[in-house]
Amino acid sequence: MSRLLRPARVLLLGPPGSGKGTQTERLLKRFDLPGISSGDILRRHIKEGTEIGMLASSIINQGRLVPDDIMTEVVASELGRRHWLTPANSWLLDGFPRTRGQAEMLDSRELAPARAGLNFVVELVVPEHAILDRIANRLVHVPSGRLYNLTYNPPKVAGRDDVTGEPLTRRADDDPAVFRKRLHEYRASTQPLVEFYKNKGAGVVWSVAGETSDVIFAQLETEVVRRFGERVEETADCAEEAAGAAD
């Protein structure tokens, strides 16, 4: 197991189909880095019937997007609940902020006063042809959200979920024409967000390019270690193996 030597407050940005979820999971596991998913937190608030959850639920039921101030409160309250709003803590934000307005609100209200601003914003750069190829081969198990790819992560049984055996389907928006529109919308909304973090200081934003998740993660892993250092912690299993070797 590895831990970082210096505090890392991380945000990953990437267009739909870029593999951002995969990179996030690998990064959290590789460096034992804690993370917050804005979507998961919001769903928890709704399930528990909190004040924020009831307000968000009523907005969603009207077919509207949850306003920036509510999403900022959702994320900020979770950071505070976990006592992470300090300069010494490391964490990763997943799914928020998505726009410059959200970033400005989160930074001015919560992160800057706590001297806990994001210090590593990763921009995933994946060629459009690679993204379109991925979505053309993508299948999903709707109840769980598990994703498969016919090229590099196929189901064990064709058309069936590995865990439940239930049918897999294609997302309605996994259509090349629809996806090109989504990519265009992503770029339009994300560019101002990237500029906001570039203005925070040299080196805050770091771009990484590649056509596969493995190529991108190898570069990301190296950059994280370069920036924040790494301490390898010996697990109980490793200690037992070392003791056995000594005997």
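Just so it is clear, glycine is given a Cβ too, placed from its N, Cα and C backbone atoms.
Pulled from TrEMBL, these are the features on record:
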- G17, S18, G19, K20, G21, T22, R138, S213: GTP binding site (BINDING)
- S38, R43, R64, L65, V66, G95, F96, P97, R98, Q102, R171, R182: AMP binding site (BINDING)
- 138-173: domain 'Adenylate kinase active site lid' (DOMAIN)
- 37-66: region 'NMPbind' (REGION)
- 137-174: region 'LID' (REGION)
Could you check which of these binding-site residues, R64, V66, F96, sit within 10 Å of R138 (GTP binding site), going Cα to Cα?
none
Under 8 Å between C-beta atoms and at least six apart in sequence, can you list the same-chain neighbours of T22 (GTP binding site), or say none if there are none?
S213, F217
Where else in the chain does the domain 'Adenylate kinase active site lid' (138-173) make close Cβ contacts, counting only residues six or more beyond its ends and a cut-off under 8 Å?
17, 179, 182, 212
Taking a Cβ cut-off under 8 Å, which residues six or more beyond the ends of the region 'NMPbind' (37-66) line up next to it in the same chain?
73-75, 77-78, 93-96
Separation of alpha carbons, R64 (AMP binding site) and K20 (GTP binding site) (Å):
25
Which of the listed binding-site residues (G17, G19, G21) has the least company, meaning the fewest other Cβ atoms within 10 Å of its Cβ?
G21
Let me check the 10 A CB neighbour count of K20 (GTP binding site). How many other CB atoms are there?
20
Where the distance is taken from Cα to Cα, which of the binding-site residues G17, S18, G19, G21 turns out closest to F96 (AMP binding site)?
G21
Whole-number answer please: how many Å between the C-alpha atoms of R64 (AMP binding site) and S18 (GTP binding site)?
26
Recorded GTP site residues G17, S18, G19, K20, G21, T22, R138, S213, farthest C-alpha pair in Å:
15
Measuring Cα to Cα, how far is S18 (GTP binding site) from R98 (AMP binding site) in Å?
15
Under 8 Å Cβ to Cβ from R98 (AMP binding site), same chain, six or more residues apart: give me those in sequence order, or none if nothing qualifies.
S189, T190, L193
By a simple count of other Cβ atoms within 10 Å, which of R64, R138, R171, the binding-site residues in the record, is least packed?
R64
